[in-house]
Amino acid sequence: MQTLTSNHIPLTRNLPPFRLNSPPPLYRLRFPPSLHPISAIAAPALVKNRRMHSMPPEKIDVFKSLEGWASQNVLPLLKPVNDCWQPQDFLPDSTLPYGEFLEEVRALRERTAELPDEYFVVLVGDMITEDALPTYQTMINTLDGVKDETGASRSPWATWTRNWTAEENRHGDLLRTYLYLSGRVDMMMIERTVQYLIGAGMDPGTENNPYLGFVYTSFQERATFISHGNTARLAKHRGDPVLARICGTIASDEKRHENAYSRIVQKLLEVDPTGAMLAIADMMQKKITMPAHLMYDGQDPRLFDHFSAVAQRLGIYTANDYADILEVLIERWGLEKVEGLTGEGRRAQDFVCGLAPRIRKLQERADERAKKLKPHGVKFSWIFNKEIPILS
Ligand SMILES: [Fe+2]
Ligand SMILES: [Fe+2]
């Protein structure tokens, strides 16, 4: 079993240097988790000298020129509202006569009664990650050339972002209500965690640069697709087919979103191969930060590490998934075959295409070290301070 959480693979620290014309990467500027200050609110300030607006202004024209393409190739990946599932499709129907409604709630509680506490830790962590959606919409609207300039801009980029957000909004709503009705979790602590997290924000190092932003979102959507897919499988295995269907349905949304974002990066590779390749290398060198890395419940300053360790142990999202995602994207984008690169672009290509085996090797070593560790119990406020064994 691995000790290093998916968000703390020591990959960049131990890899041979790949240097872009950029300031020191994120990992050097961040305190190790154990030194993280107590308040998650203070955490973003730790990233000093953050580079901003790193896309040269003339490249805004790239995104302007791709508006017609985006309308034809990205917007169709949204689903019309009336064809979309809604949380109510999966939840007890409160308009039923009282007794029938209670019967549906009782059935839900019976199904969730057999799920282990550690499963709830992961499901709650996933729900909290979804619920911090205002942060993600804000993040995308920091990106030059694609941001929603008015709040109701008609540009296809802004139209995508608003409607992507609207689709995503159902994920947290559904998981939250299901968890609430299960009676298995401490909603007060969960709600506090969400409030802290939205207040803390996130800083994935995308530098207002849509090249970096779309690499990040491609990776992240796939990560959530994997994570929700695995929570679905576990729910099915543990006897809650409705929860399995919920997580599987959310996963299929994430897959569609992944297709949209990775299609954008694919197009950037076509129109600006060196720019896109450098962006992919830059994000991979920084390491893809998980969106909820600043989560805090008012009690555990290492809450995200502990949540990640449980997710890793249950096989919901592991360090190997990180390497798998990278390999899938390399394959999908045909990165090994991209031509027309400058010298710097070729160096970036070599770096990215050789990265996954190196990540796996580092992980194997971490696994070896982990075998010598004894598990210790960590209390999670989300499940009434019950202890879950983790290795870290
Ligand atoms: Fe989502
Ligand atoms: Fe998503």
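Using the three backbone atoms N, Cα and C, a Cβ is placed for every residue, glycine included.
Sequence annotations record features per position, and here TrEMBL assigns Fe cation 1 binding site to Glu130, Glu168, His171, Glu254. Annotated Fe cation 2 binding site per TrEMBL: Glu168, Glu221, Glu254, His257, in sequence order.
When the C-alpha distances from Glu221 (Fe cation 2 binding site) to the binding-site residues Glu130, His171, Glu254 are tabulated, the minimum falls on Glu254. A gap of 9 Å separates the Cα atoms of His257 (Fe cation 2 binding site) and Glu168 (Fe cation 1 binding site). Comparing Cβ neighbour counts within 10 Å across the binding-site residues Glu130, Glu168, Glu221, Glu254, the minimum falls on Glu168. Proximity to ligand 1 (Cβ under 6 Å from any of its atoms) holds for these binding-site residues out of Glu168, Glu221, His257: Glu168. Within the set of binding-site residues Glu130, His171, Glu221, Glu254, His257, Glu221, Glu254, His257 have a CB atom less than 6 Å from some atom of ligand 2. Long-range Cβ contacts of His171 (Fe cation 1 binding site) within its own chain (separation 6+, distance under 8 Å): Glu130, Ile250, Asp253. Taking the mean position of the Cβ atoms of Glu168, Glu221, Glu254, His257 as the Fe cation 2 site, the remaining same-chain residues with a Cβ inside 8 Å of that point are Trp164, Glu167, Gln220, Thr224, Phe225, Asp253, Lys255, Arg256, Glu258.
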